[in-house]
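Notes to accompany the following structure.
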Amino acid sequence: MKFPADSNLILIMPGHARYRDPKTFEMSPALVRVRAPYFWRNTLAFIVVGSIPLGVYAYTWSFLNKDEFSDIPIPPVSDEELAKLKKEYANKK
């Protein structure tokens, strides 16, 4: 089925694409008007939902930053064993 080149058939465009400019994909004034009442509500929801993982991250960072790991004993390493480990490490690079 062929259509004339100058026809503007909305039927061949998906439903959501009718509210965008087919050349630039910018929102049409109708889409801007429809989305306007939800802008501040969506912004607030984004801030609330986004602050939860950021709060967990900040709490974890502050909690782990206080830990000194002084209660973990470090096994003694002799100079020969340290030289051997350094040589192994250099060979792996």
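Start at 1 and count along the chain as shown; that gives each residue its number.
Positions of Cβ are set from backbone N, Cα and C atoms, glycine also.
Per Swiss-Prot, the features are:
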- 1-43: topological domain 'Mitochondrial matrix' (TOPO_DOM)
- 65-93: topological domain 'Mitochondrial intermembrane' (TOPO_DOM)
- 44-64: transmembrane segment (TRANSMEM)
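With DSSP states grouped into helix (H, G, I), strand (E, B) and coil, the topological domain 'Mitochondrial intermembrane' (65-93) comes out at 16 helix, 0 strand, 13 coil. Mean pLDDT, taken over the topological domain 'Mitochondrial matrix' (1-43), works out to 76 on the 0 to 100 scale.
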